[in-house]
Amino acid sequence: MAEINCTHVTEFSLTGFTEDPVTQVTLFLMFLLIYLFTILGNLGMIALIRATPQLHSPMYYFLGNLAFVDLCSSTVITPKMLVDFLSEKKGIAYVGCVAQVFIFDLFGMTECFLLAMMAYDRYMAICHPLVYPLVMSPEYCFQLVMGSYLVGLTNGIGQTISMSNLSFCGSSVINLFFCDISPLISLSTSNATLSRIILRTSASLFGLSSSLVVLVSYVAIISAILSIRSAEGKRKAFSTCASHLTTVSIFYGTSLFMYLKPSSDSSREDKWAAVLYTVVTPMLNPLIYSLRNKEVKKALRRLTKP
């Protein structure tokens, strides 16, 4: 009866980081710079890969899609956060919250599987170099990428259905700077059993399967590298996957910290963990590949050479 008589929430309030005006301006400028670097870095990576024939290989095909996903996932979070830094009222409409949950979960899970596909690509290149060109054909790479987007879409739809089954008749304050399904489940006044099942099933089925592909691939890669006799051969083999390994470590490290961290009273800690996952990581990926990858650096020098 309480559910029937309550006034349903049409807008959520986001707590942000601080109420201090000076700190808000400082954070606005910092996150604005991060977002600009994210846009320029990922657009630049996509343009560089498309403009350089030497980078038209499976590894860079996956990397171009990773840059696109980072661009989209950052754009669905950061601009709204920047507006909130300069606004007294930090609110988001229910429809906007649903859209944010859908798009963020779509591209977040797509990134998980793209990183897994990139790990598989490195495994084939290092452990099975003779059949690599035959196996990692353009058609097969396209299927792997489309499969990653399809899994992401499935996850996004699942989380949206999960949110649509929740009722919010009490507090409308989300103790975060964007709409995420976990705090929304905690905020709900209805039975959230189905939503928790969808969230855990998605995390277990999709998250663990992509993590397993990465883990198994790198166990095989490391084993193959250690079996190489020459130090130069080991160095060269490891350099081909060093950038991807760095990206995987940052992405999975921050995301696991965000979603598997035991609940505590330190909401500020949780927010900064979310910042690493949602805002900082999309900026770091193009920097990692441009600074640590010799082929990317050579392509940049060729394009910038007068």
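If you go along the chain as it appears here, the first residue is 1 and each next one adds 1.
Keep in mind that glycine also has a Cβ here, set from the backbone N, Cα and C atoms.
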Which listed span TrEMBL calls transmembrane segment, if the choices are 146-165, 166-185: 166-185
Candidate ranges 27-48, 60-79, 166-185, 205-226 - greatest C-beta contact count to the transmembrane segment (272-291) (under 8 angstroms): 27-48
Residue numbers, six or more beyond the limits of the transmembrane segment (91-116), whose CB comes under 8 Å of its CB atoms: 9-14, 62, 65-66, 69-70, 72-73, 76-77, 80, 145, 147-149, 151-160, 163-164, 178-181, 184, 202, 206-207, 209-211, 213-214, 217, 244, 247-248, 251-252, 255, 278
PLDDT averaged over every residue in the domain 'G-protein coupled receptors family 1 profile' (41-289): 84
